[in-house]
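Participant: For reference, the structure I am asking about is given below.
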Amino acid sequence: MVALGRRSWLVPLAMVLAVSSCLAGPAMAAGKTGQMTVFWGRNKNEGTLKETCDTGLYTTVVISFYSVFGHGRYWGDLSGHDLRVIGADIKHCQSKNIFVFLSIGGAGKDYSLPTSKSAADVADNIWNAHMDGRRPGVFRPFGDAAVDGIDFFIDQGAPDHYDDLARNLYAYNKMYRARTPVRLTATVRCAFPDPRMKKALDTKLFERIHVRFYDDATCSYNHAGLAGVMAQWNKWTARYPGSHVYLGLAAANVPGKNDNVFIKQLYYDLLPNVQKAKNYGGIMLWDRFYDKQTGYGKTVKYWA
């Protein structure tokens, strides 16, 4: 696919980073990383994926959601965005060294993994429809573009077999070493542990965990204060030291909620504390539509 040149340096760079981490230790990850992730695909008025990447604000954009799977049907909901241009937009983002992930799950109820076989079937579809599998006869909604990784946003249903799905997806790294690697991330609720994702996360195959410190009054800053956030943050970072843990923030106050952290409190109180973690990874914003309205990310970017 396009951006092979971009990926060609990933292997040698990974080797350098691995050596560096052995020499310097995980403490090198503490403090600002400059990494900011945003979710895209939940509102047609947020603009195109290309426009999102052209803002220069984000280092990763997560397409949401691949929301129908597990029962022989596979489909996504991108809120009316034109599928015909998304493939080209993915390549455009990748050409700017912005990673594009596909998030599976979401708020709908049309997904689950009733058996280990269904997990294998879903992994097969994701690999061939959205990544570098490209088996003939498998519909590719984004054409020949391949996403950089898969995000697990399992917010509904039973927790069964998501660990199997993670293992099946990750196994493609051994089967196709010369191709685009399968990178796994998870987006979880802030209260530790997230019961739907615990078994999957315990596989230790997830390089990032985006923890949503919103939508839950027990651990969102505006409701629970710094102590409420840190009580959960410290559990996430301690339990998964091999994963980069991202601070998930609401880019606006959704009607009926008060989860958007005021800029001054974010800068002086929240970020200095979460960035003490050795495996702090960056900031995740929900979502592009709200960020476009408020401009929250334009300020937060420099503190991530």
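Just so it is clear, glycine is given a Cβ too, placed from its N, Cα and C backbone atoms.
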Participant: Disulfide partner of C53 per Swiss-Prot: which of C93, C190?
Facilitator: C93
Participant: Going by Swiss-Prot, which one of C22, C190 is joined to C219 by a disulfide bond?
Facilitator: C190
Participant: Do you know offhand how many angstrom separate C190 (disulfide bond) and C53 (disulfide bond) by C-alpha?
Facilitator: 27
Participant: List, in sequence order, the same-chain residues at least six positions removed whose CB sits under 8 Å from that of C93 (disulfide bond)?
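Facilitator: Counting only residues 6 or more apart in sequence, the Cβ neighbours of C93 (disulfide bond) under 8 Å are L49, K50, T52, C53, V61, F99, V100.
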Participant: Does DSSP put C53 (disulfide bond) in a helix, in a strand, or in coil?
Facilitator: helix
Participant: With Cβ-Cβ distance below 8 Å and at least 6 positions apart along the chain, what are the contacts of C219 (disulfide bond)? List them in sequence order.
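Facilitator: The list for C219 (disulfide bond) reads C190, A191, F213, G228, V229, A231, Q232, given in order along the sequence.
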Participant: Look up C190 (disulfide bond) in the DSSP assignment and report helix, strand or coil.
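Facilitator: Its secondary structure by DSSP: coil.
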